[in-house]
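The annotation domain 'GPI ethanolamine phosphate transferase 2 C-terminal' is assigned in TrEMBL to 518-963. What TrEMBL lists as transmembrane segment is 6-28, 469-494, 514-533, 545-565, 647-666, 673-693, 713-735, 756-779, 785-804, 816-847, 901-926, 941-967 (among others).
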Amino acid sequence: MGAAVARWTVAAVLLQVAGLSLFLYGFFPVKPTLSGFSGTESYGMPSCSPVGAGEQEPALPPNQLRSLYRELSGVPPVYDRLMLMVIDGLPAEFVLGRGGKPPSKEMMESMPYTQSLLAGCKAAGYHAKAAPPTVTMPRLKAMVSGAIGGFLDVAFNFNTQAFLEDNLLGQLHRIGCKLVMLGDETWIKLFPTLFARQDGVSSFYVRDTVEVDFNVSRHLEFELAAKDWSVLVLHYLGLDHVGHIGGRRSVLMAQKMKEMDDVIRQVHAASLQDNLERTLLVVVSDHGMTEGGNHGGSSYEETDSLALFIGHSVERPYCSPYDQNEALQVDLAPTLALLFGVPIPKNNIGVLLPELFNSLTDEQKLRTLELNSWQISRLLQAQIPAFCLEDCINSEDGLGIDVRHESIEKKFCHLLYNAFASHRSSRLHQGSDFKSDEARYVATAVDNYYGFLRYASEWLSHRATDKPFYLLISAILMMAMSCLCLMGTMSHLFKGQALSQADHHSDSYLDQRWHLDEVFILTGIFLYVISLGSSSFVEEEQYTWNFLTSTLYLIFLIKTVQSMLKGSNSTLVHRVKGKSSDRNNFSYAVSYELTPGEQDGYKLCTVLTVLVSGRVIRAWHQGGINWVHFPDISKLLAQADSSIVKSLQTISVLAVVALYSVSLMLLRARSKFVIGVWLSHVSCGILVLMHIWENQINTVLPVNHSTSIARLFYATASVSISATLLASPWIFPIYSTEAKPASSDSNPVKHADSHGISNSVFLTGITYTVFWCLLQLLLQQPINAIPLLLIFLQTVSSVAHFSLDKTLHKQWVQGIALQFLGMAGHFGLGNTNSLASIDVAGAFIGISSYSTVISGILMFIITYGSPLMLYLGMVIYISVNGCDDISTRWQLKQRYILDKMVTLPCLLPLLVNSVALTSYTIVLLLMRNHLFVWSVFSPKYLYVCAATVCTYVGVFVIAMTAAYNCAVFSFRARSYRDTSH
């Protein structure tokens with residue numbers, strides 16, 4: 001039966017992977033865009049012919065193209081030189097305040113020069129909302145192209161490819177502008193051929209907060225003195241790295257902002273000395289940051305990016321510098337394109353910012369709005385075949401359309417008709433003796449243009465690309481078939497076990513009633529699946545897992561107390577003791593010397609340990625997304641002295657080392673190999689302690705040799721784990737005695753001994769789990785040290801509880817309980833369903849330069865530290881629950897042992913994950929047009945996909961460990977039989 005189960009399980013997994021890949025391909029397609037670059041056609045009214053039709057423009061030399069653009073546009077370029085300074089991760093709130101109130105005193109004192117420009121009305125600042133995902137690469141694309149990229153750009157952020165769409169830098173390069181870039185190498189990867197001079201730095205090594213900015217500023221003096229460039233891009237990364245390490249309130253934040261203010265002062269002073277009238281300084285940020293310093297999600301703190309313009313065209317006699325001036329990040333592209341006299345990028349959905357065109361005449365301002373409207377209209381024609389700009393303008397009944405009840409193309413027609421009609425009226429009244437009438441007509445035209453542009457921009461930004469529905473349905477059917485296949489395999493497995501237990505008149509077969517814990521688990525999984533359809537439940541999923549886990553273990557506590565009160569265990573314990581005493585069976589945390597009373601006491605203590613630990617973990621990180629501002633233990637520790645946090649880390653490391661030592665003592669193996677494994681574990685614990693005490697929480701730079709310490713830990717742990725896995729099956733005996741018989745009449749192999757294989761798997765499992773815990777203590781945020789220790793305690797206590805009385809809970813209940821613990825711990829470490837909670841800083845511990853693969857693996861390890869720890873703990877579980885009835889020679893055959901040890905522990909996680917994955921895929925398809933599809937449901941789906949990978953990894957480790965141990969013991973058993981004959 002084991003071989004058949006394995007074949008069906010592998011087939012189901014392959015089908016699930018195929019269905020998931022198909023769904024991802026269909027649901028997250030690359031957004032369709034207009035090909036090519038905008039040219040002279042952008043200065044004329046769009047025709048009703050298909051977009052893209054027509055002949056290709058002949059290539060012109062840069063100087064001729066620049067002159068042609070100026071002639072056709074009707075708007076003179078306002079500036080000749082652009083200084084684009086990107087301060088990565090700077091929230092606009094730090095510079096412009098929030099809600100009409102100025103920023104905090106500390107923030108204002110950190111940027112005195114910038115604040116003086118705002119107060120003197122020499123700069124215009126905007127809260128430029130960034131679209132999710134709020135990571136660097138897609139935000140830079142949005143700024144230079146005006147287009148919102150696909151959601152999966154968050155994945156490509158770590159492996160940037162050349163950007164081939166129409167964009168502002170490409171347009172400037174086409175008219176002969178020389179471009180220079182200093183800073184984040186993402187720019188070089190996006191535009192590998194545009195920059196005449198460049199010096200890129202890696203944006204992903206977030207432990208560095210000094211060198212990454214020094215490498216930019218060291219070129220400033222030379223570049224500011226140079227006269228050969230037209231565009232200078234400066235991308236500073238230090239402030240973002242400060243946030244990743246210490247959060248918004250890091251002690252380094254004010255210092256870093258002062259450094260950025262000095263750069264703004266230096267750059268602005270150079271532009272004043274050079275030619276104030278022709279140089280524009282733009283200070284922007286790609287995204288904001290959460291309180292913890294992370295980003296990637298859609299909260300206000302993450303999307304609140306800065307756009308600050310310093311130049312002659314924004315100066316005005318009166319201003320309110322801290323008004324909540326709002327814009328979109330994509331508005332930067334059309335604004336800068338029209339200020340510098342180049343066509344607006346083809347796929348732009350942004351709207352120009354009017355305050356930056358104060359130096360133009362009224363007619364020129366209306367011309368810029370007209371050009372922006374024509375460009376947006378071309379996009380609309382590509383999206384809506386029935387929409388035609390010429391028909392809208394020539395329509396005689398355009399003003400009579402009822403906007404509320406008409407189709408979307410007629411709404412756009414109505415708004416456009418009003419805009420162009422009022423524009424014509426303003427031309428007719430141009431030069432009128434009544435200046436008030438002229439101004440009124442201009443104001444009306446401006447309002448009508450902005451009415452159309454903002455409505456069209458919002459519609460385009462929320463426009464979901466057409467998804468191949470039949471493809472998505474096919475993918476879901478494949479995943480559903482995979483889920484049903486796993487369910488059928490599980491049902492077949494239970495039926496086979498029931499028949500086997502019936503043949504042996506097993507107590508568990510005689511008791512086939514549904515128990516409270518079984519009913520609760522099935523009900524809980526059903527309720528969890530239902531909750532996935534609610535955005536609020538998805539955002540605060542940690543409450544669901546805390547409730548399911550704590551309630552399930554409370555039921556375990558009730559059952560334990562009931563068994564103690566009934567005294568029903570005494571006979572069973574003595575029977576088990578009698579059966580096992582002659583074969584020296586091993587059971588974790590309980591030996592054959594335990595009395596029934598002691599066993600009940602241990603059962604009670606283990607389940608109470610899980611419940612108390614769970615309550616402390618629950619209080620460590622309060623809330624997920626909406627309630628994250630509530631006070632909790634982690635916030636108190638973040639504000640406490642660093643020595644307190646370091647002390648807690650030290651206690652956690654020492655406790656893990658002590659628990660491992662106790663586990664090896666329970667193993668009662670005194671071989672040199674086991675002692676060597678223990679010594680390697682102690683060495684790794686010392687290395688973690690060295691890393692903790694040599695790295696201050698808010699250091700400017702990591703200690704020079706801390707990277708070497710982390711690398712030494714990785715090497716020692718890898719060697720120790722590999723050696724334990726490979727050698728442990730060879731050092732434990734197969735039978736009660738391996739000595740040859742004294743006389744030829746005696747039979748030395750009466751009973752197989754499961755002690756050897758059980759101890760071998762146990763040693764491997766406890767080594768996995770403990771080294772994984774030390775790895776997490778090395779990588780995780782310092783404030784998570786105690787929760788990590790408690791999750792480890794929960795793992796060990798659960799396994800001990802299940803081994804003390806194997807009849808109290810069914811095996812499938814025990815397996816799912818361990819999965820519940822893993823998910824509760826996942827959220828207990830501060831993870832959420834927002835991409836902003838991913839810990840980027842820890843992914844660079846032990847590496848000196850950025851590597852997409854290595855950093856990605858470390859990021860995955862940190863994020864799924866708790867679920868993977870419980871999967872590794874399941875190796876311990878199978879060592880004490882999977883070898884109980886291996887008592888005869890034929891049962892040492894590999895196939896039988898695998899069936900007993902691996903089938904259920906591997907099949908259960910796959911089934912539970914398959915149910916969750918299939919259910920949420922259906923939910924995502926139903927929510928594809930929901931308002932929160934990209935901000936809530938899609939990020940959660942990425943987590944579900946990552947959890948699927950986590951499940952596959954955990955199941956592979958369990959199966960691989962058991963299969964290797966079984967293969968070795970089967971080989972040794974055959975070899976022993978051959979030599980004994």
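In case you wondered, yes, glycine gets a Cβ from its N, Cα and C as well.
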Which residues, given as numbers and ranges, are at least 6 beyond the ends of the transmembrane segment (469-494) yet have a Cβ under 8 Å from it?
1, 4-5, 8-9, 11-13, 15-16, 18-20, 22-23, 25-27, 812, 903-904, 907-908, 910-911, 914-915, 917-918, 921-922, 925
So, do the transmembrane segment (647-666) and the transmembrane segment (941-967) meet, by the test of 3 or more Cβ pairs under 8 Å (sequence gap 6 or more)?
no
Contacting positions for the transmembrane segment (785-804) when only residues 6+ beyond its ends and CB under 8 Å are counted:
556, 560, 587-590, 599, 602-603, 606-607, 609-610, 613-614, 616-617, 620-621, 645, 648-649, 651-653, 655-656, 659, 663, 769-770, 773, 776-777, 814, 817-818, 821, 825, 828-829, 865-866, 869-870, 873, 876-877, 880-881
How about the transmembrane segment (941-967) and the transmembrane segment (6-28): do they have 3 or more C-beta pairs under 8 A, pairs 6 or more apart in sequence?
yes
Per-region confidence, the domain 'GPI ethanolamine phosphate transferase 2 C-terminal' (518-963) (mean pLDDT, whole number):
81
The transmembrane segment (901-926) and the transmembrane segment (545-565): do they have three or more Cβ pairs under 8 Å, with pairs 6 or more apart in sequence?
no
Please work out which recorded stretch in 673-693, 816-847, 901-926 has the most C-beta pairs separated by under 8 angstroms from the transmembrane segment (6-28)?
901-926
Please give the sequence-distant neighbours of the transmembrane segment (673-693): residues at least 6 beyond its ends with Cβ less than 8 Å from one of its Cβ atoms.
646, 649-650, 653-654, 656-657, 660-661, 664, 667, 706, 709-710, 712-713, 716-717, 719-720, 723-724, 727-728, 731, 763, 767, 770-771, 774, 777-778, 782, 845
